[in-house]
Amino acid sequence: MHSYSYLLVLAAILLTTKLLGLFSRWVRLPQVLGALVAGVILGPVVNAIVGWSTGDGFFSQAAGSDQLFGMLSELGVIVLMFGAGLETDVQEMKKCGKASLIIAVIGVVTPLIFGAFASYFFIDDPNSQERLLKSIFIGVVLTATSVSITVETLKELGKLNTPASNAILGAAIIDDVLGIIALTIITSFKSKDVNIWFVLIKIVLFFIFAAILGFIMLKIYKWMNKHTSRDSRRHVIIAFAYCLVSSFVAEVFFGVADITGAYVAGLVLSMTNRKRYLVNRFSTLSYMLLSPIFFACIGLTIEMPELTVSLLVFAILITIVAVATKLFGCALGGKICGYSTRECFQIGAGMISRGEVALIVAKKGESCGLMDPKLFGPLVIVVVLTTIIAPIILKVLFAKDKDNGENGPRLEDKQPA
């Protein structure tokens, strides 16, 4: 790729995601769908029709292989989740703590069991123990939740601070931890180097570290409010640095997802009196540059595989299982915790999307022999379909809710169309 070609690619991503986002809104669909479709169009479709290159393709090479777009995409989801943390009402989330735990546990166990059962009949392995292990791993893949698409949809709808949304965000954090534990347990059967207790200790240490760092940050902000009240711009810089450090430490030192570190950092700063100022500044950064790149890159990296009839049936079945187990499983958890029927299904819909998380887990399983490479294709289809289905169901379920004034500001109130 030419050294300046990334500028053309960036312009194409921003314009295409915006145009298709507006079209999505015009047909009463979430704008995030337009961004995802933009990635698909800019990648495989453009390369197939126009034939700009004989290799990986111009756009695919730029956004898939080039480190720049990979890093910008990762930064995009970090800022998105940091913003979600900033907009969260901590007091309301405390009320949802027990509920989030119950919802997350049921939302992990349900797809794990049904996913393992459904995939067992499609796995060819003469060794019954290996066959069972591989089918359980497919169940583990289905436990993963990619909450970033849910967050963007809820922001767009102005519903990021409802009881159901707080339950989703809380459950997503716990879901991430439970997913790590499940992945560690299943891979430990293949690798003796994996120690489940070591993983659990690291997770606990992360939250201890996050609490200590959060306490220090609140003290720093309290001091800054007394001595630097006239200039708020430095608050943004310090907040961003805190977000990045928290994300880095979570991923590198504790094995917890970087987006969890970002979200926790946002939660801490949501308790300061600079919350609204920070939300507005980071919303602008996310809206103008980082979010379009992140969502477009999800579409850009999609490569639809060749499928046999058997694999296509498997893909359809696993997609149904993936949607139903999160929707009804998490809804059941919500019902146990006393949410209304509508709120229960809102919570379930918010946990449907698998996104890149499921593909990362699947790649891990493929590398350690827990998944047949031919099954990766159907899982790509599952990711694509759940990514498309989740925002649509969310909009249907949240659209009829009346804005009671407690919800966060709508995205269009903060950003121009």
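Placed from the backbone N, Cα and C atoms, the Cβ positions cover glycine too.
Record features, source TrEMBL:
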DOMAIN    15-399  domain 'Cation/H+ exchanger transmembrane'
TRANSMEM  6-23  transmembrane segment
TRANSMEM  35-55  transmembrane segment
TRANSMEM  67-87  transmembrane segment
TRANSMEM  99-123  transmembrane segment
TRANSMEM  135-154  transmembrane segment
TRANSMEM  166-189  transmembrane segment
TRANSMEM  195-218  transmembrane segment
TRANSMEM  239-265  transmembrane segment
TRANSMEM  285-302  transmembrane segment
TRANSMEM  309-329  transmembrane segment
TRANSMEM  375-398  transmembrane segment
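Contact counts against the transmembrane segment (375-398), taken as Cβ pairs under 8 Å, peak for 135-154 among the stretches 99-123, 135-154, 285-302. Across the candidate stretches 99-123, 135-154, 195-218, 285-302, 309-329, the maximum count of CB pairs under 8 A to the transmembrane segment (166-189) is reached by 99-123. Against the transmembrane segment (309-329), stretch 99-123 shows more Cβ pairs under 8 Å than any other of 99-123, 239-265, 285-302. Only pairs six or more apart in sequence are counted, and the transmembrane segment (239-265) with the transmembrane segment (67-87) gives three or more Cβ pairs under 8 Å, enough to call it a contact. The transmembrane segment (285-302) and the transmembrane segment (67-87) are in contact, since at least 3 Cβ pairs between them lie under 8 Å (pairs 6 or more apart in sequence). In terms of C-beta pairs under 8 Å, the stretch of 99-123, 135-154, 195-218 lying closest in packing to the transmembrane segment (67-87) is 135-154.
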